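> Just dropping this structure here.
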């Protein structure tokens with residue numbers, strides 16, 4: 001029974017590790033709101049860029065289709 005407190009030691013070690021990991025990622029309300037707005041703006045920009053690219057591809061496909069019809 002030399003390892004009777006092994007479970008308690010492992011639990012304490014895990015709690016310490018979790019507390020350390022959790023402490024590094026805490027944001028207060030203002031920082032969280034600011035980060036959310038920043039992330040939302042980045043996503044809007046990405047979506048606008050993707051929409052523009054899709055629109056250009058559709059226009060190019062229509063142009064190619066019209067050119068193929070005129071060649072026949």
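Heads up, the Cβ atoms here are built off N, Cα and C, so glycines get one too.
Okay, so TrEMBL annotates it like this:
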COMPBIAS  1-21  compositional bias 'Basic and acidic residues'
COMPBIAS  48-72  compositional bias 'Basic and acidic residues'
DOMAIN    1-37  domain 'Small EDRK-rich factor-like N-terminal'
REGION    1-25  region 'Disordered'
REGION    43-72  region 'Disordered'
> What residues elsewhere in the chain lie close to the domain 'Small EDRK-rich factor-like N-terminal' (1-37), defined as a C-beta under 8 angstroms and at least 6 residues from its ends?
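Sequence-remote neighbours of the domain 'Small EDRK-rich factor-like N-terminal' (1-37) do not exist; the answer is none.
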> For the domain 'Small EDRK-rich factor-like N-terminal' (1-37), would you mind checking the mean pLDDT of the predicted model?
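When the pLDDT values over the domain 'Small EDRK-rich factor-like N-terminal' (1-37) are averaged, the result is 84.
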> Report the DSSP secondary-structure composition of the region 'Disordered' (43-72) as helix, strand and coil residue counts.
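Computed counts for the region 'Disordered' (43-72) are 29 helix, 0 strand, 1 coil.
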> Can you break down the domain 'Small EDRK-rich factor-like N-terminal' (1-37) into helix, strand and coil residue counts using DSSP?
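Going through the domain 'Small EDRK-rich factor-like N-terminal' (1-37) residue by residue, I get 27 helix, 0 strand, 10 coil.
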